[in-house]
Amino acid sequence: MDIRAAEISAILKDQIKNFGKEAEVSEVGQVLSVGDGIARVYGLDNVQAGEMVEFPGGIRGMALNLEVDNVGVVIFGADRDIKEGDTVKRTGAIVEVPVGPGLLGRVVDALGNPIDGKGPIQATERRRVDVKAPGIIPRKSVHEPMSTGLKAIDALIPIGRGQRELIIGDRQTGKTAIILDTFLNQKPLNDGDDESQKLYCIYVAVGQKRSTVAQFVKVLEERGALEYSIVVAATASDPAPMQFLAPFAGCAMGEYFRDNGKHAVIAYDDLSKQAVAYRQMSLLLRRPPGREAYPGDVFYLHSRLLERAAKMNDDNGSGSLTALPVIETQANDVSAYIPTNVISITDGQIFLETNLFFQGVRPAVNVGLSVSRVGSAAQVKAMKQVAGSIKGELAQYREMAAFAQFGSDLDAATQRLLNRGARLTELLKQPQFSPLKTEEQVVVIFAGVNGYLDALALRDVGRFEQGLLTHMRSEGKEILDAIRVEKALSDDLRAKLKAEIDAYAKNFS
């Protein structure tokens, strides 16, 4: 028997090299059945609920149903590449996404992967998507304004930082337009140096057309608003688990800012589609259906998401996360299951109506049905002073307008009320992409409630407003600055403002 020394030394070297190496142990299971984006897996005995698992080819999934003999896994991707008998690996990690300032200006999917072709994400850390909302002690009452730049909202339904304000209405009533204007309105704050005033924007698109999302991103980019925004997109062609996960992923990204003493606003567009995706997953996982075939925990799905929007107290960095959930109603039915759920969770709602939209009242806000339950505490004092009477006047106007259809001989007081109401309604109209600063809104509404529009023809109201703003930006600049700094209308400032509007109104023709 010949001894080959070279071979023996090679074997020994190999053995020495591998000495002390741990064998990699990973718990694996087998796919029992797969279909409709759901895989039944046998053998993952110690898997956690919500844990990420991996299929061959790098496809990821999430364990949702932990049953006696198998695990129900929802698949984040196409299930056509997964077949019966495939091995499934545990990752040991609950679903998490990258967070941090590196995501600003980017478009990502529900797992935080970039989909905008601008290279990898520079994330500072990763966070779990589904975490517990802050308790009662670390919170603080909402007290800072979150300006949308829309007169109808900032005057009548003010939103504060840390509030949850629902935007609800039928399709094509301008729900996304309100979100877009709100994002664009934050540009002056984000361009400034005051870090405590900056408001980062996160837009979560659930179940929308890709063209719609692309259009939204294009507008943000053209107007220089994408640099302080994050877009999380789970479009209509994405699997239901991605649409279910996207709002939670966006929320985790927003919580990074909230927990670091910064401010963020997140818009979920829209939660009706998330509920539909969740219903699809639940029914395929054979969970028992409830009202309208939604699962029993669909209320908890939305409440645990929206409770994460909060205003933190000073000990916790005094950051905030404001939520603007969107719900699409069918034929103005706000008493359906999902709309009533979300109305009861949020701190108020902005109700948009189709017939107002087609009458040319845009934003199509129904002032009677819309409320803000905590926003008035956050409203700027100057706005409170001028807008206090407008809500009452509009309510009276709507009531009278209904009766006025039947009678032609109305007394002078009623005529005056109808006249003023029509002009105030006209004044609250606003074209898209033209948000106004708070001090400019104060001036315009001041002119409206103090009778400067009463003598004008309805068609001239918009022209009067534009002219007044142009005049104030040049001639009355110090008055605008004073309103911005003082945040209130003192008697002296009120007199100056009155004189300035008088001077403009005299020359208006």
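Including glycine, each Cβ sits where the backbone N, Cα and C put it.
Swiss-Prot has this to say about the protein:
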type	residues	note
BINDING	GLY169, ASP170, ARG171, GLN172, THR173, GLY174, LYS175, THR176	ATP binding site
SITE	SER370	site 'Required for activity'
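Under DSSP, LYS175 (ATP binding site) is assigned to a helix (H, G or I) in the three-state scheme. Using the Cβ center of GLY169, ASP170, ARG171, GLN172, THR173, GLY174, LYS175, THR176 for ATP, the list of other same-chain residues with Cβ within 8 Å runs, in sequence order, GLU328, LEU352, THR354, PHE357, ALA364. Cβ neighbour count for GLY174 (ATP binding site): 19 (other Cβ atoms within 10 Å of its Cβ, all protein chains included). Long-range C-beta contacts of SER370 (site 'Required for activity'), restricted to its own chain and to partners at least six residues apart, with a cutoff below 8 Å, comprise LEU156, ILE157, GLY348, GLN349, ILE350, PHE351. By neighbour count, meaning other C-beta atoms within 10 Å, the densest spot among the binding-site residues GLN172, THR173, THR176 is THR173.
If you take the C-beta of ASP170 (ATP binding site) and look for same-chain residues 6 or more apart in sequence within under 8 angstroms, you find GLU328, THR329, GLN330, ALA331, ASN332, LEU352, GLU353, THR354. By the criterion of other Cβ atoms within 10 Å of the residue's own Cβ, the least surrounded of the binding-site residues ARG171, LYS175 is ARG171. For GLY169 (ATP binding site), applying a Cβ distance below 8 Å and a minimum sequence separation of six or more within one chain yields LYS175, GLU328, THR329, ASN332, PHE351, LEU352, GLU353, THR354, ALA364.
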